[in-house]
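These features come from TrEMBL:
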| type | residues | note |
| --- | --- | --- |
| TRANSMEM | 20-37 | transmembrane segment |
| TRANSMEM | 43-68 | transmembrane segment |
| TRANSMEM | 88-106 | transmembrane segment |
| TRANSMEM | 112-130 | transmembrane segment |
| DOMAIN | 145-283 | domain 'MARVEL' |
| TRANSMEM | 151-170 | transmembrane segment |
| TRANSMEM | 176-201 | transmembrane segment |
| TRANSMEM | 213-236 | transmembrane segment |
| TRANSMEM | 256-285 | transmembrane segment |
């Protein structure tokens, strides 16, 4: 087994320079957004968390690759190439969502800082997209789960689920909407558990129970839960509640409830596709 040692080439190469650019741009975006304002709006907090976690994850990956620790990780628990490509893909999706959110909720004609943060966030997204495309085009890198279609669908399911949970509003005193919150909350941790289990190849091999059978049962439950939410949420959110004439994007409850509705249908579609592909064993999905 190779000994752990410092390799500056991992930092000075194209991949290392790209990582440094990602870290600096995310840190700059975080700093500018924090200095500009502290609205403590749910979407602002979400963006700040993403701009903090993505560069932190990139920094950890860079340090691990500099010290060649990833060779030990590859030997013991996971496919490092697949994991890092998947993380770059996830960071691309998250920074893109931050760009869209900031552009929608915090930009106006005279909001110079809002424009600056949105542009910086877009640059972060572009950098992570460049890394994702480079990794996917590199034929020497393996693509086993996270960076393949099954893992991408799982990441999208978890991502959309997070967007739904941070957007929940106007449910107090409405039992049907409280059931929808349960329907949104239950699949998310199980989706994350499946992602982690499939990333940790050694852990998957040690499991005596059939993880694929569990995945099918979980997907059936998720489809049923999201189908119920797709029916109940729009009915009890919009019945007798037309869109107000004055509905600013950052404070209009109706528009945020509409976002939850759209995301509900998107995740219902993702879980349904995941279930069908898993049962049929196509496009790299494991058949139970």
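Glycine too: its Cβ is placed from the backbone N, Cα and C atoms.
Heads up, TrEMBL stuff is auto-annotated, nobody curated it.
Among residues of the same chain six or more beyond the transmembrane segment (112-130), those with a C-beta under 8 A of the stretch's C-beta atoms are 18, 21-22, 25-26, 28-29, 32-33, 36-37, 47, 51, 54, 88, 91-92, 95-96, 98-99, 102-103, 106. Same-chain neighbours of the transmembrane segment (256-285): 148-150, 153-154, 156-157, 160-161, 163-164, 167-170, 180, 184, 187, 212, 215-216, 219-220, 222-223, 226-227, 229-230, 233-234, 237-238, counting only residues six or more beyond its ends whose CB sits under 8 Å from a CB of the stretch.
The average pLDDT the prediction assigns to the domain 'MARVEL' (145-283) is 84.
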